[in-house]
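Enquirer: Structure in structure tokens, see below.
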Amino acid sequence: MERPEGGDTISEDDDSKSGFSDISDDLNLGDLAEHKSPTIVSLAVEWKKEVPENTQFLSAITSCLNWQLWENEQGQPLDGEVLRTKFYDEVVKRLEVELRQAFSKTPIDELDEKAAELDFGNWDQTISSGTRQTQGSVSNWVVTRRRVYREFIPKDLSSSRSGPVRVAILDTGIDKNHRDVEAREDNIKGKYNWLDQNRVRSVVDRKGHGTFAACLLLDYAPDVELYVAKIAENEPTSPRMVARAIDHAVSQWGVDIISMSFGYPDKKGEGYKELEKALDRACYKHVLLFAAASNGGGKVQPSFPAREDTVIAVYSTDTDGDRSNFSPTAMKHELNLATVGEAVESAWLDDQVKSKSGTSYATPIMAGIAAFLLQYARIHIPGKAAALKKRKGMMEVLKRIAEKGPRYQQRDGYYFVDLSLWPDGLFGKDEPFIDMIIGDVLDSI
């Protein structure tokens, strides 16, 4: 019988010594040296001592390292459906049993407590497959949005009496060495690392999520002053830390908007009361709060803090305004606002550009649209800018932008927020008409 790596033939007696089939402590060192993954095999043998006997977990490990299981009668590697079926029976199914048994021994109260500590999607709410959308359609959508921005916002804001909009993004930091970040270095006005009080000015992004979200926001609102709060990296983030970051953004940075591409499944986590109070304080001072709804599709409700009445929840659609399959079902009797969150492209670690999907990526886009609207109001209708900083005011204006005529109906329960110069859209009209409509909406609240 041949070895998997194509070496010399060995007898069944040699098999028992090699450590590949019975994984004994008495490995044949010659066979181990010729194996293509000797380190993995030797570690498995060592770690086997730590795994309890008579468990499905141990059986799954043993199966993985028994190469004879993965050959046919002629000693050739299994392929295709046969291999997949074999792997499921010998490994996956055993791990499923082990998982069920493990959770059956855990008190439900303890499970609830653990769930409440987790942030939504471990900060990378990405759906890389199963979306209908192509990167090309999103790129065209982005170009259209930029045209709207440049049509109404002067290139040099210093020439106007309007100050720039300030936006804080609470995430995993930012990669300052990425070429897209370097090009926008002047936008970044403040940084704070809430994970390391000895290095509060260092917000190095080791995950990529924060860099992706920050550059997305700057794509849609290129003149904002950006403030970066690093609140997550490898471990789940407590609501208490988020509360401190919000208070700092409001009191020290004086931001107009806070973007939060994360969430908690419920309000049971330690410190959530503090987070609620911080959200209340920010809302009272007319800071606009945006948060990702979740990526659970129809299986879950929007997460917290998106579900709070001080926050604007952001849902995801494709560029046609159709609900993304991972975006939650619209809430009844609520104003459900959505924008593009499928196959969006932005900066990633190591100077890369990636395409990702998720409500956590629709969130900075919506925050960028809100920043554009606030900048527009400060320039063209300054008397209405203060009203637009109120949650209700911003939501109603975003809703009006979504309405493409008197007979407009929601799609999937969402108001699809889409900026364009098309005649049916608000910003396809002349400036006096736009000013009048925004003013009427705000006056009616």
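All residue numbers here begin at 1 and follow the chain in the order shown.
Yeah, the Cβs are placed from backbone N, Cα and C, and that goes for glycine too.
All TrEMBL annotations are machine predictions without curation.
According to TrEMBL, the feature region 'Disordered' maps to 1-22. Taken from TrEMBL, the feature domain 'Peptidase S8/S53' applies to 165-377. Positions annotated as active site, charge relay system by TrEMBL: D171, H209, S360.
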Enquirer: Can you tell me the mean pLDDT for the domain 'Peptidase S8/S53' (165-377)?
Expert: 94
Enquirer: How many other Cβ atoms sit within 10 Å of the Cβ of S360 (active site, charge relay system)?
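Expert: Looking across every protein chain shown, the total is 32.
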Enquirer: For S360 (active site, charge relay system), what is the secondary structure state per DSSP, taken as helix, strand or coil?
Expert: helix
